[in-house]
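J.: Before I ask anything, let me first share the structure, which is written out below as structure tokens.
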Amino acid sequence: MPASKEHTLGEFDLIRRFFASETDADGVVQGIGDDCAILLPPPGQLLATSVDTLVSEVHFPANADPADLANRALRVNLSDLAACAAQPLWFTLALTLPEPDTVWLEGFSRGLREAAQKFGIALVGGDTTRGPLCITIQVTGAAERPLTRAGAQPGDLVYVTGELGAGAAALPLVLSGDAGASHWVQARNAFYYPQPQLEAAALIAPFASAALDVSDGLLADLGHICEQSGVGAEVHAEKVPVAELAAQTLDHDAALAMAVSGGDDYQLCFTVPAQSRSELERLVSAGVLEATEIGRVIEGNAVRMLKSGAEWQPPATGYTHF
Ligand code: ADP
Ligand code: MG
């Protein structure tokens, strides 16, 4: 038996050793160690909560680095908070492990602590069970004015933060597990360390009409805004900002297809009433917000993609999420 595998490590020891820590986080009346976490919401704010599960060999390769996994698990959840313009407060972790491998747990808990600290969110409870590796995180945040997918109106402008296509371009590289491959570092960063757009969300929250995070691909996700808002949208493909990783590893058309229909970018797609355009542009030119206008909201119920002025159907990206 490898020295790293301590089969004697009990559930309570494991929790105490890797996950329990004194927390002075805001609103935590009772953290890890009791039947429930007891929490005090910020006065006058609404709570936003979301949960996501990562299953080994379904959402990530079983041999993935544990600190990388912890980062992805927490960051994709934080992206859901950003999509609602909620600021992170607390999270819980349900961890299913084949065995209590202390080396794996050390890496995972370190990655989780670092990410939690970076984004200002406190671990307040969880559950630990034995079984096939599976990571579930539930996050809770607070928002003064939460954004939803509903609220876009014809005439609004459509924006995305950052650049798109890196998540999808990273996937085959990440799956190869080949740390020697060119662009490995960029791919690993894009897949395991997506940046939840919490600051951008806070900046646009006062005036955006609808928002979500791009996890399924821009076309599909903007389609969700259209459906929930009862509108259509028109997007100019050549305005969509293409991530460097996609541009460097694919030909021009394939990179554009990744940006438009690939997923896993965790940027925000949001709509803004035309009268708020100058406010948004002020934030962009001040260098505090990276956002690009890519189209507008129209009457209807579907997303129309245009390229060089003509209707355009992006080719299938050729990669499906695993
Ligand atoms: P219960 O039997 O009431 O479900 P548990 O024995 O599962 O309690 O957990 C004991 C305490 O440790 C609880 O406060 C729980 O929230 C916390 N906990 C369990 N697993 C984890 C974990 N992986 N990360 C953080 N906290 C955990
Ligand atoms: Mg339990």
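A Cβ is built for glycine as well, from the same backbone N, Cα and C atoms used for every other residue.
So TrEMBL lists these for the protein:
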type	residues	note
DOMAIN	33-142	domain 'PurM-like N-terminal'
BINDING	Asp35, Asp80, Asp213	Mg(2+) 3 binding site
BINDING	Asp35, Ser50, Asp80	Mg(2+) 4 binding site
BINDING	Asp52, Asp127	Mg(2+) 1 binding site
BINDING	Asp52, Asp80	Mg(2+) 2 binding site
BINDING	His59, Asp264, Tyr319	substrate binding site
BINDING	Gly126, Asp127, Arg149, Ser215	ATP binding site
DOMAIN	153-303	domain 'PurM-like C-terminal'
BINDING	Asp216	Mg(2+) 5 binding site
J.: Out of Ser50, Arg149, Asp213, point to the one nearest Asp127 (Mg(2+) 1 binding site) in space (Cα versus Cα); all of them are binding-site residues in the record.
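T.: The answer is Ser50.
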J.: Which binding-site residues are spatial neighbours of Asp213 (Mg(2+) 3 binding site) here, meaning Cα within 10 Å, out of Ser50, Asp52, His59, Gly126, Asp264?
T.: Asp264
J.: How big is the Cα-to-Cα gap, in Å, between Ser215 (ATP binding site) and His59 (substrate binding site)?
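T.: If we compare the Cα positions of Ser215 (ATP binding site) and His59 (substrate binding site), the gap is 13 Å.
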J.: Name the secondary structure element type, per DSSP in three states, that contains Gly126 (ATP binding site).
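T.: In three-state terms, Gly126 (ATP binding site) counts as strand.
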J.: Hey, how far is Asp52 (Mg(2+) 1 binding site) from Asp35 (Mg(2+) 3 binding site), Cα to Cα, in Å?
T.: 22
J.: Checking your reading of the structure: which of the binding-site residues Ser50, His59, Gly126, Arg149, Asp216, Asp264 lie inside a 10 Å Cα sphere centred on Asp80 (Mg(2+) 3 binding site)?
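T.: Within 10 Å of Asp80 (Mg(2+) 3 binding site): Ser50.
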J.: What are the DSSP helix/strand/coil residue counts across the domain 'PurM-like N-terminal' (33-142)?
T.: 36 helix, 45 strand, 29 coil
